[in-house]
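Features of the protein shown, as given by TrEMBL:
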| type | residues | note |
| --- | --- | --- |
| DOMAIN | 1-70 | domain 'U-box' |
| REGION | 137-165 | region 'Disordered' |
| REPEAT | 260-291 | repeat 'WD' |
| REPEAT | 305-346 | repeat 'WD' |
| REPEAT | 357-390 | repeat 'WD' |
| REPEAT | 391-431 | repeat 'WD' |
Amino acid sequence: MNCAISGEVPEEPVVSTKSGLLYEKRLIERHISDYGKCPVTGEPHTITDIVPIKTGKIVKPKPLHTASIPGLLGTFQTEWDSLMLSNFALEQQLHTARQELSHALYQHDAACRVIARLKKERDEARQLLAEAERHLPAAPEVATDNAGLSNGKRAADDGELGPDSKKMRLGISAQVITELTDCNAALSQQRKKRQIPPTLASIDALEKFTQLSSHPLHKTNKPGIFSMDILHSKDAIATGGIDTTAVLFDRPSGQILSTLTGHSKKVTSIKFVGDTDLVLTASSDKTVRIWGSSEDGNYACRHTLKDHSAEVRAVTVHATNKYFVSASLDSTWCFYDLSSGLCLAQVTDDSEKVDYTAAAFHPDGLILGTGTAQSIVKIWDVKSQANVAKFGGHTGEITSVSFSENGYFLATAALDGVRLWDLRKLKNFRTFEFPDANSVEFDHSGSYLGIAASDIRVFQTASVKAEWNPIKSLPDLSGTGKATCVKFGPDAKYIAVGSMDRNLRIFGLPGDDNTEDSAQDS
C-alpha cells in the first residue's frame, strides 16, 4: 500500500484512526503539527489519532535503470565521479589549511622576536631613566619663586612616560627660565627691526587665488583633516586626520614624505619643531607623541607621553625649539623638555575648572595663550605658570588661538565667530561673526589673517582703530560645509586648507603652482 500523501511505499507506515488512511509517519506528523487536520479529509487530527503499523522491512523497488548491466555501470560511474570530486575538494581544503598553519606559525615566531626585542629596549630605557634620576638634583614640589601664586599651580595628578617609570615634576628650573628670557630678549630686539619682506604675496595676488591642487592624504572610511602645520623652510605640510594618522607632505613635488601611525584615535594637533627633523602630534587617545626622521626618510615615534588623563587638544612649540606645551580636556597644560620628553610642569587653575581646547605661544615665548571649552581665553606667564589675564565674551568652546607676529594682537575662534584682542590694553577691539569658526591663523609676516568656517576668509590686518578689510573668500570645495584648518605658505604664496573630507587643498595664484601631477578629489 502507498502513502496517501507521497504516493510511495512508506518506510514507517501509520494509519489514521479517524479516516483509516495510510501515511508515512514523518509526513503526517509534520502536516498535523503545521495544520492540525487530515490532509485528505480535512478532519481535525492530533498525533494521538495516528497508530503505527508493524510490517516487515520494506525494500523499495530499484529504479528501472539499475535493472541492467549498462545501467549499473552508469550508476557506478556517477558515484565514482562524485567520490573523486569530493576527494579533490578535501585535498584543496587540506592544502589551504596547511598554508594557513604555516603562516600563523611564522607570524607567531616573528611576534615572539619583536616582543623579546621590545622587552630588551624597555629594560634598557628603564635603566637609563634610573641613572638619569640619580644624577638629577632634587626639586621642590612647588616652584620657590611663586609660592604665593594660587591661580597657577602644578597639578598633583602626575602622568608618566611609560609603565613602571617614576612620576616626575622637576619644575621649570632657573636655567630653563634663563633660556626663555634670553630668547625673548633676542626675538624682541629682532621684532623692532622687522620689515615686511618684499617677496610677500600682494593683496592683488591674494584676490586672484583659486584652487591649484587637491591631495587625498587620508583614508576614505574615516575622512577629515583635523589639524595642519607648514614648515616654511622646506615647504612641507603636516596634516592630522580623524583616521588616527598624521601625514607629512612635500608640496613642491606633490608626494607624501611619510605617514605617521601609532595613535589609536583622531590626531587633534600637529606641529613641526622648527627646522629640526622632529614632529609633535596630540590625539584624543590622551597621548602626545614625538616623532623623528630615520635614515630611510620615514618617521618613527621617539617618545609617547602619557601625562594627561583626557583628550589632548593642542600642542605648541616654544621659539627655542627646545620646549613645548600640550593642552588637554583634563583641565591641565604641560610644559615639556623636548629632548628628553620629560614633563617639567603640569599646570592647573585652582580658581576655576576649565578644559583646555587650544594653545599657542606668543612669538616672544614668555606668554602662553589657551582656549577652553568654557568659552574663556586664558593668558599665562610661562616663567611663573601664573594666569595673568583672561578674556570672556565668546559663545561655545574656543577652537583656535593665534598670535600676530607683531606681538600685539591675539585672534581667537569659537562657535560665535572670531574675536581680536589687543594685548596691550587686554580688550576686544574687533569681532568677525562667522558661525562655527574652526581655525584662525595670522600669516608669518602678520600682514594677513585667515579664518576657516563654512568657507575660508582672508583679511588684511591693520591697527586697532583701522578697518581690517576682507581680501578674498575661498569656497569649501569638500562638500562638507566645514573647513577645519587654514595655514599660509611661505610669503603667503599659497593657502593650505583642510576640511572634513580627506583632501588637502592648495589655493594660490593660477599658473604659480609647481606641484607635479597633483591628485584630484576622489
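Just so you know, glycine gets a Cβ as well, placed from its N, Cα and C.
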With the greatest number of Cβ pairs under 8 Å to the repeat 'WD' (305-346), the stretch among 260-291, 357-390, 391-431 is 260-291
Just give the helix, strand and coil counts over the repeat 'WD' (260-291), going by DSSP.
0 helix, 17 strand, 15 coil
Positions whose Cβ lies under 8 angstroms from the repeat 'WD' (260-291), at least six residues beyond its ends:
224, 226-231, 233-234, 236, 238-248, 299-317, 321, 324, 326, 328, 336, 338, 341
Within the same chain, where does the repeat 'WD' (391-431) have neighbours whose Cβ lies under 8 angstroms from its own Cβ atoms, ignoring anything closer than 6 residues to its ends? I mean 6 or more beyond.
188, 191, 194, 357-364, 367, 369-377, 379, 437-442, 444-446, 449, 451, 453, 461, 464, 468
Within the predicted model, mean pLDDT of the domain 'U-box' (1-70)
83
Checked against DSSP, the composition of the repeat 'WD' (305-346) is 0 helix, 24 strand, 18 coil
How do the residues of the repeat 'WD' (357-390) split into helix, strand and coil according to DSSP?
0 helix, 21 strand, 13 coil
Under the DSSP assignment, what numbers of helix, strand and coil residues are found in the domain 'U-box' (1-70)?
19 helix, 12 strand, 39 coil
According to DSSP, how is the repeat 'WD' (391-431) divided among helix, strand and coil residues?
0 helix, 22 strand, 19 coil
